[in-house]
Every structure is written in C-alpha cells, then in structure tokens.
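J.: Structure in structure tokens, see below.
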Amino acid sequence: MAGKARVHELAKELGVTSKEVLNKLAEQGEYVKSASSTVEAPVARRLRDAFPKSGGKKGGGDSNGRAGGAKPAPPRPPESSGRTEAQAPKPGPKPGPRTETPSGERPKPGPKPGPKPGPKAPAPETKPFEEAPAPAAKADAPAQPRSEQPRSEQPRSEQPRSEQPRSERSGPKPGGPKPGPKPGPKPGPRGGGDADAGVVPPKPQSPKPGPRSPRVGNNPFGVGSGAPAQRPPRPGPGGGQRQGGQGPGRGGPQGGRPDRQGGGGQGAGTAPAGGDRAPRGEGGGGGNRPNPGMMPPRPNPGMMPSRPARSGGGPGGGRGGGRGGPGGGGGGRPGGGGGGGRPGGGGGGFRGGGGPGAGAGTGAPAGGGFRGRPGGGGRPGGPGGRGGAAGAFGRPGGPARRGRKSKRQKRQEYMDNMQAPSVGGVRLPRGNGESVRLRRGASLTDFAEKINANPASLVQAMFHLGEMVTATQSVSDEILELLGSEMNYKVEMVSPEDEDRELLESFDISFGDPGSSDEELMSRPPVVTVMGHVDHGKTRLLDTIRKANVQAGEAGGITQHIGAYQVITELEGNERPITFIDTPGHEAFTAMRARGAKSTDIAVLVVAADDGVMPQTVEALNHAQAAGVPIVVAVNKIDVEGANPAKVRQQLTEYNLVAEEYGGETMFVDISARQGTNIESLLEAILLTADATLDLRANPSMEAQGVAIEAHLDRGRGPVATVLVQRGTLRVGDSVVAGNAFGRVRRMINEHDEDVTEALPSRPVQVIGFTSVPGAGDTFLVVDEDRVARQIADRRGARIREAQNAAKRKRVSLEDLDKVLKETNQLNLIIKGDNSGTVEALEESLTKIEVGEEVELRVIHRGVGGINESDINLATAENTIVLGFNVRAEGKAAEVANREGVEIRYYSVIYRAIEDIEQALKGMLKPEYEEVELGRAEVREVFKSSKVGTIAGCMVTDGIMRRNAKARLLRDNVVISENLTVTSLKRFKDDATEVRDGFECGLTLSYSDIKVDDIIETYEMREKPRA
C-alpha cells in the first residue's frame, strides 16, 4: 500500500472491522484517533503480523460444531498489483468454514460431503479485497485447479482468491424441489462456483424433509437474513474461502444476471419459475451451469449500496442472495443461518451466532445478527431485525433514519415563523406582551439573555431601526424600550432602589429593620432637618441652639454643606437629645435638601417674616411633604422692621400648612434667631410633635445601618464621611460599605471633635477609614467581612458607571445625523471640591446652563480634595479648565499648570462659579451676523468687453457702491441673482474704491446676464452683538 495507510484501508485489507483494528492498535500501545487516521508503515506491519495469529484461532476452529475435516488452504501469493495480502480470515465476524457433515446427518442420502473438497476446505486467509464471485462454469468440475492459481491471472478479477470446495447447498423450492442428479460435492473448475463450501444440516421444520430436502445456504449478508444491508464485496477472502462463497445470483427470472446488491451466489433457494435448476449435488439450483460469460463485474466503490437492501433471501448463496424466489436463502459467512426468502427465512449470522437456516416459507428459530444476536428474517416472516456491520463506514445497526415531519408540525413551524417579528430580515423572538426587567445601563447582551435570543440578531435589528450600538455597549432606557416594542416585549427598567435591594439580597443582606421585637426596640432621639430659603436664618438658628457660631465660617454667609449636630434640651424636667441637620438653602443644593428630607423625622421650615414665602421655601416644603414628615414652621426675624408673621401664615395656607390658631395641625412658632427669642418654645414644639405623631424606636443590638449625609477628602485623615446611624450600633472596627466606597471604621468623631467608640441610633458621627470618598446620600451598612464589603462596592461602582455611560450616549437618528456631524464648541471642565455634596451641587448647576446648541459643557472629571498633578495632566490632554471649589492646588500642581498653560479658577461661593462659566460659554458662541444695506445703483447701459466681460454703466441712486462688496441683481423688483460680488469699480477710466450716490460708475459683477434698467443692490454682513 503506497504511502501511509489509513485505518479503514487496513481494515479492508485484513478483512476485519475498523473498530477491531483500533482496539488492536490500542493493545499495541499505539493511539489512533479514528478510522480515517493514518498509521506509519512499521505500525501497519506489526498490525499485519498480529492478525494472522488471532485470526487463525478464530477462523481455523469450527465454531458451529461442524466436522473438522476441512484444512486451511495455503496462503495465496500476493497479486501482481502489489497489494499486501493478509494471512488471516476476518477474525471476529466469521468463524471457520463449515466442513461437510456426514451424509448420515442429512435427510438426503448421497455422498454430499465427499472427500474431494476436504483438502481444499476453507483457507483461513483473508484477501485485501473481496470481489464478487464468478459464476461457476461447470458445477461438476473439480475445484483443485482453481485453488492453485491466483485470482490475479483472470482478466475480470484483480484480487487473488483462495478457493473452497463447494459443499452442497440446496434451498427447498415451494414447488417441490428435485434432488440433483449429482449428490456428491464436485467442485467446479471456477472459484466463482464455490458458493457452498460448508454444509449446513437442514432444519427439522423444513417443509420438504427426506432425500428431496435441500439445505438453506448460510449467508449473513443475504437479503432478509437479518444481516446488515447488502453491499458489494469488500477486499477479503474469496468466495471459495467463505462459507457458501459468492456465486451468481440466478434464481427465477433473474437467473442470468448477478445480484446488484450483494453479488449473486449459487444459493440454496431457486425460483419457482425461471432458469434451469442446478443439480442437487452442486449445492442447490442456481440456474444453468456456470460459464465465463456469467462472471460478475469487478467490484468498485460505486457498487456500494446507498440504502439497506430489502429483506428476502436471494436464490444465490453468496454474501448476498439476489432478489430470489420466495424460499431462497442467501448463503452467509461461517456460522450464519441462511437468509430467509420472502415468505420467511432464517437469520443470517455475522459472528458465529446464527442457527441453521430455515426452509422455504418458514421462519428460522435462531436468527443471526450482529455478534450472534437474534436478527434476520424475511419481510413477512423473518424472526428479527437486520444486523449491522461495524467499521469505518457506519455505526452498528445501519444508518438511523430521521422521521419525516407531519403536516401539522410543518404547518405549526410555518405559522411560528410567520408570526415571529422580522426587522431587516432578522428573525427575532416573539414576546406575547411579557415583561422583561432590565437594569439601568443594560446592554443588548443582557437583553438577549433575558429573552433567550442571539445578541448579534439584536445588534442587526437595532441597526435597521437606525441605532448603531454594539452587543456589550450600555444603551439608554428608551433604546431598550424601542427594541422591546418591536418584539412585543414590555421592558421594565429596574429602579436604583430595587437594583440595590436585589444586589444586597444576593449576599443575604437586607437594608432595614428585619422585624425586631418590642423588647429589642428602644427609644431614640428625633432627627430634625432645618430647611428654608437662603438667608432666612437657618444656620443662625442652629448656632443659637448650639450656642456656637458656624455661620461666620461659611463663605459668603451661606451654608454650602450639610451640618449634623446633637443637642440636649429639657422638657418637663427631662433631658432630651435632638439631632439637627442643617441643609443649604441655595437653589444649587436641591439634592442636598432632598437627602435631608429623606433621612429626617421632623422638618423645621424657617421663613423670614419680612420676606415671606420664597421659591426655595416652596421647594423645601415640597421635599418635606414628599418624604411624609411632619413640619414645624419657625417664623424668623420677627424683630426686623417690616416683619409680618401673619402674612407668612396666610401664604403657607395655600400650600396646605394651616396653623393651629386657624384650625389646622401645623405648629407655628415666632422666633428671633439673633435675639434668641422663643428658642425653647421651638424645641418644645419639636418634641411634642415627635411624641404625638411618631414612634421613635430602633433596635440598637443589630448591625448598624444609616445614611452618609456628606463626605469629603481630608488632607491628613483621608476620606471622611459624616454618617447618621438609623438602626443598630456602629462601632470602631466594623466593616462598612457606603455606595461604591468601603472600608473599616478606624476612628469616629462627634460634633465636638471628640473620639467615640460607638454610635447609637440617631447619632451623627464622622467616620474615618473609607478607601474612597462616598457619595452624599449613599446608604451605609455594616457587613461581616471586608471581602463582602469590597464585592458590594465594586458591583455598585460598575452599575453606576454603566448607568452614566448610557445616559451620556445621546440617541442619534439618521435624520439628526447632519446636526451631530456639525462642529460644536465644547468647554471641558474638571471640578474639585472640598466635599462630595458641594461637587455634586456645582456640577448639577453648571450642566443646567443653556447658552445655545453650538456650545456644550462637558465635565470630564470630578473629585473631592485638592488639585493634584494628575488633574493637571488630564486637563493638558483634554484642553480643560480646572475649577477648585474651596480647595487649592497641591504640591507642584500649580507649577505644572503654569508650564502647560492650564487655567485654574478658584471659587468659594457657588453662584460666582456659575456666573463665570456661563460667561465663558457665551464667549465660545459663534458670532451672529446681520445684513446691512450699502447702496443701490440703476443700470443705464451695458457694455461687452472681451477682456473683462459684461460691464454695467450705472447711476448710484442711494448710498454708496463699494468694491468687493456683496451685491444682488434685481429686475422688476425680482431678485435675479444672489450672493454676487462687485469685482471691479471705476469712475470713468480710474479705479475707484467706492462711489457715492448721484455719481455715475462702471462696475462688473460675478454675473454676466445684466440688462438695462436692472437694479444692483450692495450690502455687507456685520456681527450682531449678543444680548
């Protein structure tokens, strides 16, 4: 075999299955992956040497209990084609050839098992290729000359064949078989007639017992024998070596042609009509005496069957009986029963398991099959199913057929495909109004996982909908809702609170009281938030209560931070603590006021008696009412000239705050924070309201939970967060997580700058130990270990970034694409502040500035702490302005900024920063121009010049005509041409820069169709100052 041999080629050559070759190679320590793999020449040589030993054992013995008179024939020399010939028969599937049984065992007398075929009995050698047997020319000629001559000498066959003497093989005929005139087994001169090398004793249930009852051939590959589908002969031992070798299938009407499925064989069965019966002594009738013209065609791969052969044994006894008569049984390999005919046949054996063949029209009690399993049988009466051939060309049992779809199934699939939405040719899943919950900033991959779809299909669908997004890109809520509506899904965006709750539940953590008993609950101080308009005296009121002066330390006299304090007051002789939270009143601190209202028990609304209700007063009132907290109104500045407390009561009545003296439930207290008037009455009103309307109890034994009111970056202490404990007790050493910041409590400081070791409910403290600055308003909670805190913080940070990316991405449709592509001026900012609440308020206020679509503001970075070198480096790369709010440049940052030309602006009052940025944005606007008319001239004459073109002789009737000015041409008060230019202007023969009204001039325009009496109007574009 030239080159490297493949496993299935070696299996053909050795006459075994590919599985056995693979097993043998594994035993030899060679790893081969599959039947199509190649093996090296030394490995193939060892494989060939190994198989005769094992094959001789299997093939030489008489596995079916036959007489051992047959001797193995000597091995054949290699044929002229150079193909190596294996020295062993097929090891597993075919036991030794049947030797002839004594004549006494047969129902038919005669020297059938004559001694002649004895020496030429089955040769236990296999041939590389098993060809279709040639028809026997003369059935009574001895087979001795044929076994000595290699098959390669014959012109119609390429492979050498070892011959076996034909044993008698007769199939009972339905019409009464006649015994052949030559009962003795006389081998024919041609190997093709060796179809019956072994004798099978007839079954007792044969319908024609006695001397006239022939035996059924034993061909495991006969149609209907329970063997695998018939196929053309493979390389291997010739028909003379096999039990019932291959002979011409010539039963019945097909007596003269070989069988197309498996090659005909002179089998036992004969057709009731058709060709002449062969003598009984020749092993069954197969037609006329064989002759060379009946040789089958040479085997080739094209003869492989494309589908399993039909059941029903052929009249021949070869590897496959043809489509023979009703009782014909195909001869098989050693050990196999005869293939049953159409009425019923025995099972064909594959590996020595088949019982004796059945007679015509009867089922075989023991069928062959794969490895001796029951199988075989004809179409109507066969006892079992087909066997199977294992090897490189298929799995055992034949190819599995896939059932055809029913019409109902096809119709249902068609209807499903018709109802499935198709966007741009992409099939999408159909949702029947189902709800899909997605988090903020989700990607198309997240959406596809929810609906079990392909993300690439959603990307393609979005492209056809005019949206260009990737599968992993965070997309906005409206894009997800648009895509969901196309597929009939209802997209629900998870709120940040629900998303955070689901995140905590994944760690078996719940935020809130898990349900403490009454014994565990203890009373706590009320948390009071002071709210109101700017400059109405909120901080002065707290200073008076605390007997401190905080207002003097605030820039501009306005509060720009949230301050938290706890004071002790007396009520009915008992000292009662009250926690106060001071919120900014400036309009920029809306978010701070909202956070203060959410984390409070009672809201104190401070209104100046001289100013009355102001816009921030209404806003603070709305925050308190939205949070559902009771309100106590403090009418301040009653000592100021022009104060009118009654007016304040009347105005607040419009906002559902009715004073008690007017029959309402809201307590009004007239105070003077500067003079300290009625402060005790205000504190008493706060405590009475808390006792009357609130159940102020908390469980101090649980793990601490609360809210971060504000946070900042301290230069010496790092991130510092002011937290308000709402439940539980916070202790030094606890692992805490607040928003996307986490850490371990290293130190806690109260409002008097004193260290404390624990903080009970309603106690505000400053916590040191966070790894980063938490966001103002973030909830904090204590967890078991740092690892859990880090994981929660990381997931929160990733969620926040995705939501920000989705919000930044503006939805751009194809109609708005031209606007997007226009060049716009952009002002980049870096904001650094002293605490997170101030930075948030400043950024929110700056982004609300609107000066036009041509200029936009972009905050590329924000942070808490001083301005450092990394901020300057980022500003250098992005051409950015750095804003420092209550902070300064650290270290060499100022020096680097001067060297790189980065502008740093420092602010301490928020509204000044807002004004400066608004002016800067207006300065970046493109100038606006307006048209200003210069003059008009009437065309009196038109001259043609080959050098300069058309010359208009004009009289200036109004204004001036100026060279290089813009002009338009009017004819009968209709604009003929626009955007023209006065290219030349002359007064007589002299060039002129301008010509005033009342003078004549000659001019040329960038337009040649000028006629007499046309009007030339000149104008110029002047920049229009912005309001």
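A Cβ is built for glycine as well, from the same backbone N, Cα and C atoms used for every other residue.
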J.: Between the candidate ranges 557-561, 597-601, 852-856, where does Swiss-Prot place the region 'G2' annotation?
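T.: Of the candidate stretches, Swiss-Prot labels 557-561 as region 'G2'.
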J.: What counts of helix, strand and coil residues does DSSP assign across the compositional bias 'Basic residues' (401-410)?
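T.: Grouping H, G, I as helix and E, B as strand yields 4 helix, 0 strand, 6 coil.
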J.: Compute the average pLDDT of the predicted model within the region 'G3' (582-585).
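T.: In the predicted model, the region 'G3' (582-585) has a mean pLDDT of 63.
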J.: I'd like the per-state residue tally for the region 'G4' (636-639) from DSSP, helix first, then strand, then coil.
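T.: Taking the region 'G4' (636-639) as a whole: 0 helix, 1 strand, 3 coil.
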